[in-house]
Amino acid sequence: MAKEPVRVLVTGAAGQIGYALVPMIARGVMLGADQPVILHMLDIPPAAEALNGVKMELVDAAFPLLKGVVATTDVVEACTGVNVAVMVGGFPRKEGMERKDVMSKNVSIYKSQASALEQHAAPNCKVLVVANPANTNALILKEFAPSIPAKNITCLTRLDHNRALGQISEKLNVQVSDVKNVIIWGNHSSTQYPDVNHATVTTPSGEKPVRELVKDDAWLNGEFITTVQQRGAAIIKARKLSSALSAASAACDHIRDWVLGTPEGTWVSMGVYSDGSYNAPAGVIYSFPVTCKNGEWTIVQGLAIDEFSRKKLDSTGAELTEEKELAYSCLS
Ligand code: NAD
Ligand code: LMR
């Protein structure tokens, strides 16, 4: 029997990530090849015509799984009945800007959209915040939507996770699908800590630690980390626009693994409401290694954290605490 359609909200749908993301969702990349979807697309009035153009293209693409499209500038209409909300709407960082620079523009959007989601989304709606500063926007959304369970509000660090997998795969000249269990700790910003201490590669003679295969701690503790931390800025410099296809693909990976589960023995990175695990600050949205099952994420516990890593976990945590204060000062 055919499944009931799932309603997926994409805010900022007329923007560049939106344009890459909606066809992926309509093709089943996010929720599975047998899962019909109804797309809810929100943007602001100046983008209404472009949004309508995206709707026209979705119709023209004749996606078999796409059972309906709502394209609107009305936040209540957009949020009504949605089961998954991917929050991309906001202002992107331009060359030379830090994420903090987009803070004041974006956190107020997340405060106002929090109440619309709280009042009109389906119960148990899963929320993924992509727009920057992603962790702090997600925190503001959580704080101003108190009836949505905190565990349902997450932010995207899967792009950073995938970037780390990509760098290791290039360094070792192995398939990216054979590399797993990197971790992105903390903020989706240049203080994030891409950690390979528990990462492995599947080889013909079994699973091997990344450190053992790379045999270059200086690279792993230096250039590898900064390349992943600065990749967003490198893409902006090269494209004069921020990453879009990789961000859209990572958003699909994030929701797919959350809803359908992570493979046995594999974890992924998600920005989730911190309970203070690994002595990260509690009460911020911090990226941890998680496994997912039955639609719920769980932080992987008990991983050894060496002194080098400890400092990095602490400094990205400190930045998140600072961003939280800054966000509140922007809202007051
Ligand atoms: P974009 O400017 O192309 O698109 C953003 C869209 O949001 C625009 O169409 C704009 O009209 C719309 N918008 C603005 N305010 C809105 C509101 N209140 N409600 C609904 N829509 C609104 O930007 P983009 O390149 O698609 O990037 C979107 C966001 O994602 C940016 O904040 C960017 O920095 C962030 N980003 C995050 C990651 C990540 O890994 N977390 C990766 C890439 C980009
Ligand atoms: C990215 O990581 O590509 C995005 O967050 C865009 C940015 O501002 O870095």
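Placement of Cβ uses the backbone N, Cα and C atoms for every residue, glycine included.
Note: TrEMBL annotation is automatic and uncurated.
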Listed in TrEMBL for the NAD(+) site shared with Gly12, Ala13, Ala14, Gly15, Gln16, Ile17, Gly18, Asn106, Val130, Ala131, Asn132, one of Asp34, Asp43: Asp43
Ala14 (NAD(+) binding site) - helix vs strand vs coil (DSSP): coil
Number of Cβ atoms other than its own within 10 Å, given for Gly12 (NAD(+) binding site): 26
Those binding-site residues in Gly12, Gln16, Arg93, Asn106, Asn132 whose CB falls under 6 A of ligand 2, listed in sequence order: Arg93, Asn132
Binding-site residues compared (Gln16, Asn106, Asn132) - the one with the fewest other Cβ atoms within 10 Å: Gln16
